[in-house]
Ligand SMILES: Cc1ncc(C[n+]2csc(CCOP(=O)(O)OP(=O)(O)O)c2C)c(N)n1
Ligand SMILES: CC(=O)[C@@H](O)[C@H](O)COP(=O)(O)O
Ligand SMILES: [Mg+2]
């Protein structure tokens with residue numbers, strides 16, 4: 001096995017050239033075998049095997065520095081830098097992360113997870129190199145999907161000013177998670193099919209540059225000309241015109257060609273972009289045929305590509321998907337927006353039924369929100385379906401473009417709470433804090449699948465900015481009998497008793513039920529309230545609760561700082577209530593990857609830990 005000879009960084013350089021192809025095959029077999037067990041980002045990784053090998057052959061890590069955009073495609077890099085054993089525990093609690101992590105290896109120079117950051121970080125590393133007198137290469141690897149993000153464009157604009165080498169590798173596989181969309185994608189497609197022109201360009205440029213004294217000048221002049229010839233001579237002119245040298249397109253599965261191009265790129269004294277074409281899912285037929293399904297794969301059967309376990313219950317995304325279809329049917333003003341996540345957010349059905357009212361704007365959360373604000377200003381009812389952690393990107397757009405104008409934009413915030421295997425970068429544990437401080441915003445969280453549906457209907461009929469947040473995974477189907485109509489700002493009694501009151505937000509209602517059962521078994525009286533609204537908080541309910549309870553416990557799957565509990569506590573503290581408040585929430589920390597149930601225990605959001613804390617607080621109060 002060649003892979004067994006790769007135990008640390010640069011071991012790949014000890015292999016013979018004839019070993020490269022068999023090694024690529026071994027890496028693919030290894031990734032398929034391991035990810036079929038652990039799950040993970042398979043298709044993107046299969047696509048960059050040769051690209052990563054060529055980088056490790058042409059550059060010297062860890063002296064040279066590579067920033068992986070999103071970082072979900074860094075598995076081969078991990079394999080080539082001595083982390084083979086880590087794949088048994090990939091994305092498990094305490095195990096290897098699915099993303100680059102500085103704390104994991106000195107070959108990971110920058111942590112990623114959210115898209116379109118790599119060029120900015122790369123420029124930072126280049127400037128740091130210049131100012132500290134370093135000589136290392138700095139490389140940012142960015143996918144065609146991630147290149148659609150605003151930050152990438154901002155960074156390109158900045159990169160064009162560089163006066164020293166900076167290598168941007170654009171990995172173009174024509175896919176985001178779904179098919180890549182928009183003008184940039186069209187532009188890249190045009191260049192992919194321009195190989196003839198490109199060869200012509202390279203040939204012509206080489207010939208001209210060889211002309212003593214005048215050659216370089218002629219090339220520069222040619223590049224500047226506005227004639228049609230320029231189109232023919234300079235593919236990648238968008239980049240070239242900005243002052244970024246364009247090399248490519250290069251076959252991303254040809255190691256020789258890649259190494260040659262990397263060595264050429266090292267000689268450029270400013271920013272250079274190498275356009276590499278790869279196939280997402282390469283080498284595993286099910287992934288080649290269904291790159292979206294194998295983007296982030298659950299454990300699967302290698303022979304068939306089918307998931308190992310089938311879901312028996314609907315998840316919240318499925319419920320959202322169904323209700324969007326119904327809402328779209330009933331109200332022509334309802335339109336839906338995703339930032340490159342039509343599958344993950346469940347909007348695909350809406351897209352199929354109402355293609356004219358569905359918008360995939362690329363990985364562009366900021367634009368998505370302001371675009372929605374424009375749609376609302378134009379009289380439509382936009383639903384922005386977005387993951388909690390990705391909406392962090394668009395904080396100012398929510399505040400400045402939606403909320404100041406009090407526009408009716410509906411935020412359907414999926415993956416709110418702990419998401420599990422993706423870890424720190426993707427945990428949706430800040431949205432209650434970052435949204436509840438924004439005037440005019442209304443925030444809801446459903447306790448179960450029926451309430452998600454009811455809240456969506458409420459949100460569409462409301463007028464003003466309104467968000468509802470729900471977690472990744474199976475939708476709770478308990479408490480069906482509690483389905484009182486949603487009233488603005490009002491919470492819901494589930495069980496009304498005395499002494500201890502549990503007031504839970506969304507996903508925590510189910511946990512609060514378990515907590516209450518355990519408390520009742522131990523002989524305590526216990527009320528259970530479904531908060532429903534996080535903003536505004538239900539002041540009327542708090543007044544009621546204070547009359548008959550000694551302890552009010554708030555429960556939320558969000559960080560404590562600035563969350564629901566914080567606001568309730570402030571309200572109670574400002575009054576003369578004879579009632580203590582205990583906030584159960586996530587600590588002021590990032591939560592790493594791992595199984596969600598296990599993470600709940602780690603952060604103290606499991607029923608058992610909560611019961612202990614409630615009893616301690618209650619007994620201390622008596
Ligand atoms: C800000 C942000 N929005 C959305 C995502 C979800 N996401 C992860 S990878 C990905 C597609 C990336 O496409 P590309 O860069 O082309 O990489 P590929 O998977 O094709 O290799 C998306 C949308 C993210 N990580 N960050
Ligand atoms: C890398 C990335 O950001 C996405 O691929 C993310 O992992 C998707 O998460 P879900 O599996 O929750 O859709
Ligand atoms: Mg791509």
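Cβ atoms here come from the backbone N, Cα and C positions, even for glycine.
These numbers come from a predicted model, not from an experiment.
Site annotation for thiamine diphosphate in TrEMBL covers 113, 114, 115, 145, 146, 173, 284, 365, and the matching candidate from 41, 56, 72, 408 is 72. The binding-site residues in question are 144, 365, and the one with the fewest Cβ neighbours inside 10 Å is 144.
Averaged across the domain 'Transketolase-like pyrimidine-binding' (314-478), pLDDT in this predicted model comes to 98. Screening the binding-site residues 72, 114, 144, 145, 173, 365 for a C-beta under 6 A from any atom of ligand 3 leaves 144, 145, 173. Distance between Cα atoms for residue 72 (thiamine diphosphate binding site) and residue 144 (Mg(2+) binding site): 14 Å, as a whole number. Note: residue 114 (thiamine diphosphate binding site) has non-local neighbours 70, 389, 390, 393, 425, i.e. same-chain residues 6+ apart with C-beta under 8 A of its own C-beta. In the shown protein chains, 23 other C-beta atoms lie within 10 A of the C-beta of residue 173 (thiamine diphosphate binding site). Cβ-based neighbour count (10 Å, all protein chains) for residue 145 (thiamine diphosphate binding site) stands at 30. In this structure, the binding-site residues that sit close to ligand 2, with a C-beta under 6 angstroms from any of its atoms, are 72, chosen from 72, 114, 144, 173, 365. For residue 144 (Mg(2+) binding site) paired with residue 173 (thiamine diphosphate binding site), the C-alpha to C-alpha distance reads 7 Å.
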